[in-house]
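Note sheet for the following structure.
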Amino acid sequence: MAALSIGTHFSPSCRFKNRSLHAPSVYSLPSFGTSLYRIRAPRLLSNGVIARAEDKARGSSSPSQRQVQPNNEEQIKGLSSESGTCDPLCSVDETSSLEFEDAYQPKTDLLKTIAVFTAALTGTLAINLTWVTDHQDIAMALLFGIGYAGIIFEESLAFNKSGVGLLMAVSLWVVRSIGAPSSDIAVSELTHASAEVSEIVFFLLGAMTIVEIVDAHQGFKLVTDNITTRKPRTLIWVGFVTFFLSSILDNLTSTIVMVSLLRKLVPPSEYRKLLGAVVVIAANAGGAWTPIGDVTTTMLWIHGQISTLQTMKGLIIPSLVSLTVPLALMSLTSEVNGKGQDSPNILASQQMAPRGQLVFCVGIGALVFVPVFKALTGLPPFMGMLFGLGVLWILTDAIHYGESERQKLKVPQALSRIDTQGALFFLGILLSVSCLESAGLLRELANYLDAHIPSVELIASAIGVVSAIIDNVPLVAATMGMYDLTSFPQDSEFWQLVAYCAGTGGSMLVIGSAAGVAYMGMEKIDFFWYFRKVSGFAFAGYAAGIAAYLAVNNLHISLPSTLAQVPFLSGS
């Protein structure tokens, strides 16, 4: 799934400007991320996005290995003198600041500052003009276009996309309050939109915290320990492990876990790069067929466009096809047919935290229980997620009672490591899209598309293609605003295709999903290498999945009546 960006928490372990020397540290795995597009790997590293994944991929989590050994003191001193200011306890963020100072350009920063103040002044003056009232649609379209451009080019502008998204959302609602028949109407619309958006944000925060707790206890080691083969023909099917792991967690978390595993099983080579690409495709495909596997399917599920059983039944075959086709084609390449190389098994050096198996089972059970909770109680899914978080919170407090040295394994510490800025980005984007929906702009766009593209299959397919370039979250949010349940009822072909296409379309480009960007940073993958070696296979799988869905849907395959009568499966 397109997932949230990884948080920026760092443990006080040694981090150095020279990447060849690492002191492994604890890092957190995020959940439910959004596509991070047009961001180069160095940007990710400087923000702490991939640094923790690399540290964990290269090192152990045992306490003895988190400290710098005495025989490394000379290296540390040499490194400190080489960098000039970096001491053994400096963080990646501090080192990145030093690197930034070296490339600091006062003239460029002055121009950016002038541009920001000019934009703010222009907006202030525009609010006092009657033009905004008379041309609300144009003003909102311009604001959204400028804001979204700032999000896309955050690398060049050096503006965090979360801040841009929040500023865009507030500006749009200010314009809406001016252009609405009355401010009370705008407030009522904002209250309704906030209620819907908060459900998604609370859901994501709960899910991220649960996954963070499981990872802090080394719970994912139960999965990775069972993959020890180094045979090329066998190892490529690691994609299926990623596929099912992503359906429960999310595409970004699954990608980091599996790519870290590959780094320990396979030496650097073209073959390992292809295996990492398989992981990306599998992670995106796996998140598309369950309501909790991708943030876009979660959005559709929470708002009632899709239900649990029908989504799983209708999309598992297309999702499997979108993975199987690239796997089959890649298995014929010379890189995969070559001989695998053995590498030392260093998985055994990682130690699972006490009661890690218990926390893993309870955490995964809490995630899987969310659809069951919704069907049994009728309450929104975020309530089920918060219920699972509460159970895990009490459990970890109980099993680590009196263990002051294990505070990092408890929920309060996990909350400091989750990606809150990613959640704020979702908040800004979803509030912005809901404002456009309230003003009627999205309905006008839907009418235009209906008039020029009468086929819903083509519209959904186009959303998937565009999601390879543009973030899939606002695309799906805009689609939900353009078409309501009266146009397309729950579990209709259109909504299921949107869920599939938005989830798997990002695999066609390495920048098209959070999983792809994480993989690009961890393996130092070039955009054009992925485009030459993988994009064609990913597109073939994407198209084959759409064809498989249409074929299965036309056959009207239904579950046996006995299975359909299971209470929590028959409901939404």
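Cβ coordinates come from backbone N, Cα and C, glycine included.
Per TrEMBL, the feature region 'Disordered' maps to 55-88.
Residues annotated as compositional bias 'Polar residues' in TrEMBL: 59-84.
TrEMBL lists 114-132 (among others) with the feature transmembrane segment.
The annotation transmembrane segment is assigned in TrEMBL to 138-157 (among others).
Marked as domain 'Citrate transporter-like' by TrEMBL: 149-480.
Sequence annotations record features per position, and here TrEMBL assigns transmembrane segment to 235-262 (among others).
Counting residues 6+ beyond its ends, the transmembrane segment (274-302) has Cβ neighbours under 8 Å at 1-4, 32-34, 196, 199-200, 203-204, 207, 235-236, 238-240, 242-252, 254-255, 258-259, 262, 266, 308, 311-312, 315-316, 318-320, 322-323, 326-327, 330, 333, 335-336, 367-368, 370-371, 380-382, 426, 472-473, 476-477, 480, 495, 498-500, 502-504, 506-507, 510, 513, 515-516, 519, 522-523, 525, 530, 533-534, 537-538, 541, 545, 572 in the same chain. According to TrEMBL, the transmembrane segment annotation covers 274-302 (among others).
Among the features that TrEMBL reports, transmembrane segment is placed at 314-332 (among others).
Long-range contacts of the transmembrane segment (352-370) within the same chain, counting only residues at least 6 positions beyond its ends with a Cβ under 8 Å from a Cβ of the stretch, are 207, 210-211, 213-214, 216-222, 248-249, 292, 381, 384-385, 387-389, 391-392, 395-396, 399-400, 406, 409. According to TrEMBL, the feature transmembrane segment maps to 352-370 (among others).
Long-range neighbours of the transmembrane segment (382-402) within the same chain, counting only residues 6 or more positions beyond its ends whose Cβ lies under 8 Å from a Cβ of the stretch, are 199-200, 202-203, 206-207, 209-210, 213, 302, 354-355, 358-359, 362-363, 365-367, 369-374, 409-411. Residues or ranges marked as transmembrane segment by TrEMBL: 382-402 (among others).
If you look at the transmembrane segment (422-442), the same-chain residues 6 or more away from its ends with a CB under 8 A from one of its CBs are 4-5, 7, 30, 33-34, 136-137, 140-141, 144, 147, 161-162, 164-169, 172-173, 176, 179, 186, 189-190, 193-194, 196-197, 200-201, 204-205, 208, 295, 471, 473-474, 477-478, 481-482. Per TrEMBL, transmembrane segment is recorded for 422-442 (among others).
The feature transmembrane segment is assigned by TrEMBL to 454-477 (among others).
What TrEMBL records for 497-522 (among others) is transmembrane segment.
Below 8 angstroms of C-beta separation, residues 274, 277, 281, 285, 314-315, 317-319, 321-326, 329-330, 457, 461, 464, 496-497, 500-501, 504-505, 507-510 of the same chain, each at least six residues beyond the ends of the transmembrane segment (534-552), sit close to that stretch. As annotated by TrEMBL, transmembrane segment applies to 534-552 (among others).
Below 8 angstroms of C-beta separation, residues 2, 34-35, 37, 148, 151-152, 295-296, 299-300, 426, 429-430, 432-434, 488, 493-494, 497-498, 500-509, 511-513, 542, 546, 550 of the same chain, each at least six residues beyond the ends of the transmembrane segment (454-477), sit close to that stretch.
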